[in-house]
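Here Swiss-Prot flags 8, 9, 10, 11, 12, 13, 14, 15 as ATP binding site, drawing on sequence analysis. Residues or ranges marked as GTP binding site in Swiss-Prot: 56, 57, 58, 59.
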């Protein structure tokens, strides 16, 4: 079992880091008391093989040995990896000023700057055990997310799930579409008697559409658009991208385009799905 423990000073980005890990398929628990960690792992081990927890300063043992003892109580099948997030004091003060949130140690009537310094002292129990220390002082939310993914997955690029979906405008635009392309201006096989009962998956329709230069150009332009902006979308903390291509009824032109372009991208991207909405009815 993979067990990720996320901790660090308040305001350093623990919540962002936990959301990233959750998007990677981990079962996540926020702000769990450390002494409950072994029990949690045992109770969910039958259903989950990837767990992540966040720990803040209020849920820590008082000394290093106590923390080590708790980790020793973990079952042998759990392999913990500890991420420690931190920022410099001035950055943390600025972030708290911007969000107007109360620091967890301010309940002791400590001024913010002293609460931040005291928190650092209390968290020393974790720093010495950290497998990865991430300084978020100069990182944006997206950069922190990318750093977490890179460390966990062992590679920089997140594998986006790309769906190419055909549809008919007369049945409505797909609600989950990120980009919509209108193919209704292209030559329509519907008006060819021998092609009318077929779909864009049938070879005669493919041959008919591929023979028109305007179809070839439109196909190329959609491919180029997606290929150009895909790296930026992958870095933007996305999990899914849906490219919807529509024609009048969702039978010929849009089906041909979604299938052709989807197959092209599937040759170089591992997570490509092709869906023909109207053909599923």
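Just so it is clear, glycine is given a Cβ too, placed from its N, Cα and C backbone atoms.
Features as recorded by Swiss-Prot, highlighted on the structure.
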residue	record	DSSP (3 states)
9	ATP binding site	coil
15	ATP binding site	helix
56	GTP binding site	coil
- Which chain neighbours of the GTP site, leaving out 56, 57, 58, 59, have a Cβ atom within 8 Å of the mean position of the site's Cβ atoms? 31, 55, 60, 104
- Sorted by sequence, non-8, 9, 10, 11, 12, 13, 14, 15 residues with Cβ within 8 Å of centre, ATP: 56, 85, 86, 87, 136
- Message: Just to verify a number: CA distance, residue 15 (ATP binding site) to residue 59 (GTP binding site), in angstrom, no decimals.
- Response: 15
- Tell me, in order along the sequence, which binding-site residues from 56, 57, 58, 59 have their CA within 10 Å of residue 14 (ATP binding site). 56
- Message: Under 8 Å between C-beta atoms and at least six apart in sequence, can you list the same-chain neighbours of residue 12 (ATP binding site), or say none if there are none?
- Response: 85, 86, 87, 92, 136
- Neighbourhood of residue 10 (ATP binding site) by C-beta distance under 8 A, where only residues 6 or more apart in the same chain count: 56, 57, 92, 103, 104, 116, 119
